[in-house]
Amino acid sequence: VVYVTATFPYLVLTILFIRGVTLPGAGAGIYFYLVPEWEKLLTFKVWGDAAVQIFYSVGMAWGGLITMASFNKFNNNCYRDAMIVPLINCGTSVFAGLVIFSVLGFMSHETGIDIKNVVTQGPGLAFVAYPEAVVKLPISPLWAVLFFLMLFAVGLDTQFGMFETMTSAFIDEFPHLLKNRKVLFTAFFCFIEFLLGIPCVMQGGIYVLQIMDWYCATFSLMLLSLTECVVIAWIYGTDRFYKDIELMIGFQPCLWWKICWKYITPVTIAFVWLFSVTQLSPVTYGKYEYPDGAIVIGWMLGLVSLMPIPICAILAILREKGSFYERIKKLVHHTDDWGPAVEKHRVRYLQSLQNSQESLDSVMCHLY
């Protein structure tokens, strides 16, 4: 099923692109899409919005990438995947933009409305502006069916990743209770998600969707990513992380990655996050301004995904014994059972740790 839902949208995009570029006015739409307004690059809002879009589209800090990667073979070339996945994601986004704006250019040509006034932001682009343009095409039902089938496939494929992330987390945490009940547990999760999604399809559903998109996909994602980056680079350690990667793929990544992990990436994320939070305006939908109570709910929704971090940290500290410093010192070190789950890989991992310790002892002997 995943192979179909992952590849079908590309087939539909290609068909719509071929049809779109043959329409009158398509060139104007594509020109409007590709030609940048360079002065906008000097505004922080553009960079902040671009960062949020990348976090959202690639799926960083959602847990899906980590969950899907956990099903790879131990020696899978994650170094190659780390470069291929963002490139494919960005390429797909650009290609989808060409498809949409070629048809919007046609709509502008047919109606005589300037392309700037045809284009809308947010969900309205996919669910309002583009369908209105498709209606004006010959054999419009065919193109409308293809377009919405593509949206359905993309949404379904996205749900696969999100559901697998949630179900795998619970199953890994409670294996004795849920491992043999995965199908039943997944069905239960689907039912819960169905109930939670009902408000989004009611008469005021678009307002619910807007407030969730406004707050849940902005500052919380970047703060989660910043936390992951700091923990891996500064607590777990880039040197140890490098050795883990070398054990898996047979070579160490270049020094540039280590510099990014320790300095460039966390500083950049922190700066963009701080700017996004300070410049985040109250949520609106068109000309509608949300009441203060709705804004408070939006902030609470954004904080829901962040709360497990301090809660789990406090619980872990309370479970340990000793002074506060001793508890923290123990918690920032990996546990004795840390390492690959498969025995043959675990033996290699422990051997690499032993060799590293022997090398360190040898250096210390020469120094002293």
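Yeah, the Cβs are placed from backbone N, Cα and C, and that goes for glycine too.
Pulled from TrEMBL, these are the features on record:
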type     : residues             : note
BINDING  : Ser57, Asn89, Asp157 : Na(+) binding site
TRANSMEM : 12-34                : transmembrane segment
TRANSMEM : 54-71                : transmembrane segment
TRANSMEM : 83-107               : transmembrane segment
TRANSMEM : 142-163              : transmembrane segment
TRANSMEM : 183-206              : transmembrane segment
TRANSMEM : 212-235              : transmembrane segment
TRANSMEM : 255-276              : transmembrane segment
TRANSMEM : 296-318              : transmembrane segment
Nonlocal residues around Ser57 (Na(+) binding site), in sequence order (Cβ under 8 Å, 6 or more apart): Asn89, Ser93
Among Asn89, Asp157, which are binding-site residues, the residue with the most C-beta atoms within 10 angstroms of its C-beta: Asp157
Stretch among 83-107, 142-163, 212-235, 255-276, 296-318 sharing the most Cβ pairs under 8 Å with the transmembrane segment (183-206): 142-163
Asn89 (Na(+) binding site) in three-state DSSP notation: helix
Na(+) site shell beyond Ser57, Asn89, Asp157, criterion: Cβ within 8 Å of Cβ centroid: Val58, Gly59, Thr92, Ser93, Thr158
The transmembrane segment (212-235) and the transmembrane segment (83-107) contact flag, 3+ Cβ pairs under 8 angstroms: no
Paired segments the transmembrane segment (83-107) and the transmembrane segment (12-34) in contact, 3+ CB pairs under 8 A: yes
